[in-house]
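Undergrad: Just dropping this structure here.
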């Protein structure tokens, strides 16, 4: 794990900064010099990125007692081994000989340094009186913050992540992935959902164990295929014939679809190939996408389509046009009655789930972003600085921009396409985007 060290002379607010960045009070904060005797460390997680943060004792220029000398020795050794150092100075009162002495050591050590000016609540005075003298330390532009009042800490975190990733360090938080894939087979009435479910079980020679439902949860089936566990949700709804009056069937089936989709990881969207794609099919597919679920699209009853051998391209085009919002989904042609193509469904589910739980390195994302932006005209006044993946299930990306109001649907389409074409295809999975204003 990457290690970031907070260093500085006593009483510049290192421990307060540490506590704010780790979001808990772990380092003792007092107004007396030398309160922090031993290094304190904790893990910082920020938008899916993780690193170790260490708060060191204040470095005295000329320590007088044995303990202070030992503290300084420990801190200087830790600096040599750190991946990045946050050099904290007093942005209210300016720098001293102690700061200059520590700056000299940091430059000679060759460690990467971010200069942090703390206590800059009076921003105007800082810019006018203090900031110019900080350039003497030799670390470029300082980042002004107020740890006590949590001012500008996001900017500092962005810089930390950027610096660490430039060094090629792995900051990704390892995702926790559930043991079994939860699958919902969804579609409008009479498209062959039940037949398809049973065909999967028969074709895959699956071992099935009903999981009893409660008053709130429908019955599920735990299915083992090639030693791998899958949970098909609401299989009771797939097995029993409807006892509901015809005029309420659509309303009831829509309710069941919503419930099943919410509980699933992957939705298998079943279409009737003899009827094409209807408005209700589009609504169901749209619901899957909005709920952030992975998906596989199945044209069932393919055996009943005339001249089917010559019509794969026609139906693929129909799928791309009418279900364009889930066109990342694997498309399969089946006949549940005859068992055609059924064996491909589990493979497609595995592919979609793998995409759904994939996390890509920020270095790959930002490398692609910079290359594509070099020949892309963004709306006037919009700048995209960098991005990172902050979640899975579904894959969610956060982009830092100068103006979030400039982000419209075309920019979202552009970024999703960039991710799929240049970073990772995420076949079968939606991609969610978030935006945050940054300077």
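Placed from the backbone N, Cα and C atoms, the Cβ positions cover glycine too.
Per Swiss-Prot, the features are:
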- 2-168: domain 'EngA-type G 1' (DOMAIN)
- 8-15, 55-59, 118-121: GTP 1 binding site (BINDING)
- 181-357: domain 'EngA-type G 2' (DOMAIN)
- 187-194, 234-238, 300-303: GTP 2 binding site (BINDING)
- 358-439: domain 'KH-like' (DOMAIN)
Undergrad: Residues with Cβ closer than 8 Å to the Cβ of residue 190 (GTP 2 binding site), same chain and 6+ apart in sequence?
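TA: Counting only residues 6 or more apart in sequence, the Cβ neighbours of residue 190 (GTP 2 binding site) under 8 Å are 272.
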Undergrad: Distance between residue 187 (GTP 2 binding site) and residue 56 (GTP 1 binding site) at the Cα atoms, whole Å?
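TA: Cα-Cα, rounded: 59 Å.
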Undergrad: Among all the protein chains here, how many other CB atoms are within 10 A of the CB of residue 120 (GTP 1 binding site)?
TA: 25
Undergrad: Given the binding-site residues 14, 193, which one is most crowded in terms of C-beta atoms within 10 angstroms?
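TA: Comparing the binding-site residues 14, 193, the most crowded Cβ belongs to 14.
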Undergrad: Compile a sequence-ordered list of residues in the same chain as residue 302 (GTP 2 binding site), six or more apart from it, whose Cβ lies below 8 A from its Cβ; state 'none' when nothing qualifies.
TA: 273, 308, 333, 334, 335, 340, 341
Undergrad: Go through 11, 56, our binding-site residues, and report the one whose Cβ sees the most other Cβ atoms within 10 Å.
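TA: Answer returned by the neighbour count: 56.
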Undergrad: Measure from the CA atom of residue 193 (GTP 2 binding site) to the CA atom of residue 14 (GTP 1 binding site) and give the result in Å, rounded to a whole number.
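TA: Cα-Cα, rounded: 61 Å.
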Undergrad: Can you tell me how far the Cα of residue 11 (GTP 1 binding site) sits from the Cα of residue 193 (GTP 2 binding site), in Å?
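TA: That comes out at 68 Å between the alpha carbons.
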Undergrad: Tell me the Cβ neighbour count for residue 187 (GTP 2 binding site), meaning other Cβ atoms within 10 Å of its Cβ, over all protein chains shown.
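TA: Excluding its own Cβ, residue 187 (GTP 2 binding site) sees 24 Cβ atoms within 10 Å.
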Undergrad: Indicate whether residue 193 (GTP 2 binding site) is helix, strand or coil by DSSP.
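TA: Reduced to three states, the DSSP call for residue 193 (GTP 2 binding site) is helix.
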